[in-house]
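Quick notes on the structure that follows.
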Amino acid sequence: MMKLQIANDRDRKEAQNRERRRQCELERRSRIFNARNRKIGVDVRFLERQVEEKRAERDEQERKNLAFAQQMIKDSNLAVVLEAREREERRRIGLEINEYRYRYQRPEDRREYDLNDPEVLKKQLPPRASDDNPVGLSSAQKFEGEDLNYEERKKIMAEQKNAWLEQQVQERKAAEEERKKAEEAYMMAIKSRDARASELDQLERECRYRLGQANLRYNEALAAERKQIKQILKEQEEADNTAEMYNNLTSDMLTENPDVAKSALGKNRAIGFMYKGMNQEELKKFYAAQKEQMAANKAKRDAADKMEAEWQALSKSIQREVARQDILDQRQRREMAKQLMEENQLLAMQQKEKEKYFKEVVYNNTPTDEYYSQFNTTTR
């Protein structure tokens with residue numbers, strides 16, 4: 001017989017609580033996950049205060065704009081009034097300037113008004129008004145080449161001519177007197193010059209005579225002195241030649257004295273410019289020393305040749321050893337390269353196996369969309 005479980009009050013209350021919690025969760029979910037109806041985290045009072053501040057700022061800006069517009073209207077009206085006052089002031093100043101010009105700057109009061117007078121022709125007198133024979137206005141006033149002031153001009157020219165003639169006469173008299181004075185002064189200067197020239201000529205002749213006598217006496221004394229000096233030099237030269245010949249004949253160079261070539265620095269040293277050569281004994285010693293030097297030089301050359309041969313042999317042995325060592329080094333490098341290549345191949349194989357293991361074993365559990373959809377499904 002099948003047994004049925006009977007629900008008691010406790011089970012009913014538990015079921016009611018679960019249903020109530022489920023409904024609350026559904027309502028909370030619809031409120032939280034709905035972006036349009038969600039209000040969590042919004043400060044309503046702060047938003048209302050922002051709206052009030054914006055409205056107050058807009059009202060303040062409108063008030064400022066209205067005050068600015070009223071001020072602009074007021075400034076415009078004031079500018080119109082000031083502009084009218086300025087035009088009136090300019091007109092008044094222009095009237096005062098014109099009044100001043102009419103009273104104190106009239107054209108007829110100017111200095112050059114006679115040049116710009118429009119009625120100058122009306123004010124001019126007829127051309128022959130000053131002539132003794134005036135003519136009417138309808139007659140010809142003046143002809144080309146006519147001289148109205150001929151008499152006056154002729155009188156003035158005569159007076160001027162007389163004045164010029166008088167002046168010329170006076171100037172000629174003065175020039176004649178000046179010329180005479182100049183001629184007299186010139187003649188006196190010529191006479192004094194001729195007298196001075198004759199005096200200087202006499203003095204010059206006397207000076208030349210005295211100078212000639214003095215030169216003659218000086219030349220005679222100089223010739224005698226030169227003759228005496230020449231004689232003294234000739235006698236001195238003859239004595240010097242005689243002494244030189246005697247000294248050469250009795251000198252150590254011609255007598256070939258070997259003791260002269262000895263140096264004070266040592267008995268084996270000689271003076272080069274006085275050395276006359278070696279004697280037989282010195283030549284024997286020289287030849288013997290030369291043979292000894294030749295033998296010593298030969299021994300040195302033999303020793304040098306032997307040492308050179310030994311160095312050549314040592315160099316060849318060193319070169320052979322170096323070549324053998326190079327061959328061993330190349331062989332070791334080839335072996336090391338082969339070993340390194342084998343180790344790299346082994347590491348590459350291990351790396352491939354490791355990558356294969358991670359790919360096939362470790363990273364085979366790839367997340368699906370079902371895995372990501374389980375998150376963010378409840379409000380708790």
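For all residues, glycine too, the Cβ spot is worked out from N, Cα and C.
Under the heading region 'Disordered', TrEMBL lists 1-21.
Among the features that TrEMBL reports, compositional bias 'Basic and acidic residues' is placed at 8-21.
Per TrEMBL, the feature coiled coil maps to 44-71 (among others).
TrEMBL lists 165-242 (among others) with the feature coiled coil. On the 0 to 100 pLDDT scale, the coiled coil (165-242) averages 86 in this prediction.
Taking DSSP states H, G and I as helix and E and B as strand, the compositional bias 'Basic and acidic residues' (8-21) has 13 helix, 0 strand, 1 coil.
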